[in-house]
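Below: the structure, in structure tokens.
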Amino acid sequence: MDHCKMSCFSLPRNSIHLHIDILGLHEGSLTWALLQERLTTTPYGSTTREFFKFPVFLNTVQSVFAALVGYIYLRKSDRKSTGLSSIFPRRSVILPLLLVATTSSLASPFGYASLAHIDYITFILAKSCKLLPVMFLNVTLFRKKYPMYKYFVIFAVTSGVAIFTLQATSPKKASKASNNLERNNSWGLLLLGMNLLFDGLTNTTQDYIFQNFQPFSGPQMMCANNIISTLLTLSYLGLSPYLVRSGFGRYFGLTLSTSGGGEFAAALAFMTRHPRVWFDVLGFSACGAIGQVFIFYTLSNFSSLILVTITLTRKMLTMILSVIWYGHRLATTQWIGVGLVFGGISAEVILARKSKKSKEKVK
């Protein structure tokens, strides 16, 4: 009887927690996505219109926010956790965490640089295809095997992105653009591909940490990753004046200041000229930090499958909001590409759930 009472009361509570989690993830992430598009694709200023092109500075502010919020989350989830020993419980976990922080810190600048050459809808659509680099890296590095349906999903998703991208650079549009712009579009897709590769390395290494360093938790991962990321990006900002002079940043869209002061000085000067940017940067960072809490809460209390489902709906809503908010127009062929991408990912979620249930029945 007591067991029945516990079950009856725990299920609704779990359901309420899940609904709050979904609402929080959507609210935080959708606002974050709108601010991301505004920061990366829309100009600031009424007379002199300038674009915000300071990806590492933006990453640093966000990782500082996320590290602070992550530490509060860690203390709330485990009240015995104090000091660095609770964040880095073993020395052996530091190297994999350093790899995660490095790849996640490298991913964003490539993604932001790609937005100078491709539109935000293409960016979001391609970011929905993380399964491709994750599978590729797991097969090549960890010799992992996947069921056949996952390869069909990859085919559908890749075809969808190809159709969407090719329509975006159709002959009608190509006639209005120079060959140089076409090359820029290809360069943007290459930069986006690098972003997805680093994302894939981040995800596979996180999986490796959770599997091999138990009971390393989500709050620990969030806090540790953002602390190391902050140290890495601050180091880059300190070195950026010298990197700018060497011309290194030109190849990746990171040469941001002709004065030679580097990205940090250039970002502060930009924000002094356009004070409104402060609200967007701080809002972006706060929403990103809150979104990470809900992501790691979902991983800790529910399952990665539920997180994939929530993320899928969030990506779809982000695209719809972007179309409405910023007035993007999609051709019929592009909607077919979108349908292939989200249809493929939806099929992957459904088939993975069925596969998991069948394995549980066998046990």
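Quick reminder: no glycine exception, Cβ is built from N, Cα and C everywhere.
Residues or ranges marked as transmembrane segment by TrEMBL: 54-74, 94-114, 120-139, 151-169, 227-244, 251-271, 277-298, 305-326, 332-351.
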The answer for the transmembrane segment (94-114), taking Cβ pairs under 8 Å and residues 6+ beyond its ends, is 40, 53, 55-56, 58-59, 63, 88, 123, 127, 188-189, 191-192, 194-195, 198-199, 201-202, 205-206, 208-209, 213, 221, 224-225, 228-229, 232-233, 252-254
Given the transmembrane segment (54-74), its same-chain partners at Cβ distance under 8 Å and 6+ residues beyond its ends are 39, 81, 86-87, 105, 108-109, 111-113, 217, 219-220, 222-223, 226-227, 229-230, 233-234, 236-237, 240, 254, 256, 263-264, 266-267, 270, 281-282, 284-286, 288-290, 292-293, 296
